[in-house]
Amino acid sequence: MTSLSVMGVGKIGGEVAYLASVLGIADEICLYDSNAALAHAQALDILHTGIDLSVSTDPDDISGADIAVFSAGIARTPDIKTRADLLSVNLPAADDCAAFLEGYSGVLITITNPMDANNYYLHRRCSIPRERCIGFGGQLDAARFSGYLGEYGIPGDAWVLGEHGEHQVPLFSTLPGDVPEDIRNEILGKMRRSSMEVIRGKGGTVFGPAWHIASLIRNVADNTHAVLPVSCVLDGEYGVSGCSLGVPARIGQSGIEEIIEWDLDAWEKARFMEAAAASCALCRRADE
Ligand SMILES: NC(=O)c1ccc[n+]([C@@H]2O[C@H](COP(=O)([O-])OP(=O)(O)OC[C@H]3O[C@@H](n4cnc5c(N)ncnc54)[C@H](O)[C@@H]3O)[C@@H](O)[C@H]2O)c1
Ligand SMILES: O=C(O)C[C@H](O)C(=O)O
């Protein structure tokens, strides 16, 4: 029995609620949106699948859920160059949803961009312990990285740390073979541009992120202890504090069980520290 609340049930939140329902990950869901008519319609649409689950649109039920997803706010259009550009426009949505998360004792998953800064902001604003604030993005970035590695005929598992944004850090040192710096930079450039190709074509990324968010929710619900690339509020790990950033972490029912510190090579370390500087600066701006 897992209960899930989704705050912001537009393209991504709606798809996550649908997937969590049809995949049997959650059997109790609460859907909240500032557009109450949309939340009502999404609830009805899910109920019309005929799946046996309970669906609420009462915001008072948000804080009772085992897992809460924050996906409310504005998404990028082709005119919005970076996810960081969404900070000030999405803080009001974070504040609105934070009001429902006071004293929250479940696991919060942050989706809304800039995801790392919003994860840090909600951790502080709602006093939710950092272990229970998981930022989503690394699994999606890793899937994209894996696609590019395939294009270049490079074998190995794809991992992406750092910021879910311009400062993402694909790991090449964990691959079996050496990848020269010019190829690393070429692949990183493609990764930075990859979601915009989807946004331009269909108005937003949905299937890719929703699939991986559902998988993250399942890992929490099923207490798998799997190691995944997720954004964690750092307190000295990797030499960084004062922001949330993508790192390998063990995930279970209580949230982040362990942050794992991997040895990065010089190229990765330099980019990880750039990511930390960028994320810390955004987090400070959010706190102002
Ligand atoms: N982390 C990731 O990998 C990832 C992936 C996809 C999308 N996103 C981000 O998720 C967010 C949502 O994207 P989307 O495509 O679903 O957008 P969307 O516009 O389709 O849906 C957003 C929903 O949030 C609601 N909303 C806005 N302000 C609100 C508030 N104050 N309180 C409650 N609800 C509010 C809107 O009514 C809308 O239904 C964006 O910031 C987007 O960039 C992140
Ligand atoms: O790129 C975006 O703005 C949406 C999301 O963060 C994504 O990576 O698909």
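Backbone N, Cα and C define each Cβ position, glycine as well.
The domain 'Lactate/malate dehydrogenase N-terminal' annotation in TrEMBL covers 4-135. Annotation source TrEMBL lists NAD(+) binding site at GLY8, VAL9, GLY10, LYS11, ILE12, GLY13, ASP33, ASN90, ILE111, THR112, ASN113. Per TrEMBL, the feature substrate binding site maps to ARG76, ARG83, ASN113, ARG144. Residues or ranges marked as domain 'Lactate/malate dehydrogenase C-terminal' by TrEMBL: 157-276. Annotated active site, proton acceptor per TrEMBL: HIS164, in sequence order.
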A correct count of other C-beta atoms within 10 Å of the C-beta of ILE12 (NAD(+) binding site) gives 24
For ARG83 (substrate binding site), the closest of the binding-site residues by C-alpha position, picking from GLY10, ILE12, ASP33, is ILE12
One should report the C-alpha separation between ASP33 (NAD(+) binding site) and ARG76 (substrate binding site), rounded to whole angstrom, as 18
For the recorded positions listed (GLY8, GLY10, HIS164), most other Cβ atoms within 10 Å of the Cβ sits at HIS164
Quick note, HIS164 (active site, proton acceptor) and ASN113 (NAD(+) binding site): C-alpha atoms separated, nearest Å, by 9
Per DSSP, the domain 'Lactate/malate dehydrogenase N-terminal' (4-135) contains 60 helix, 23 strand, 49 coil
ARG76, ARG83, ASN113, ARG144 bind substrate per the record; greatest CA separation between any two, in Å, is 18
Whole-Å Cα distance, ILE12 (NAD(+) binding site) to ARG76 (substrate binding site), is 13
Excluding its own, the Cβ atoms lying within 10 Å of the Cβ of ASP33 (NAD(+) binding site) add up to 22
DSSP composition of the domain 'Lactate/malate dehydrogenase C-terminal' (157-276), residue counts helix/strand/coil, works out to 51 helix, 33 strand, 36 coil
For ILE111 (NAD(+) binding site), the same-chain residues 6+ apart in sequence with C-beta under 8 angstroms from its C-beta are GLY8, ILE12, GLY13, VAL16, VAL69, PHE70, SER71, PHE136, PRO209, ILE213
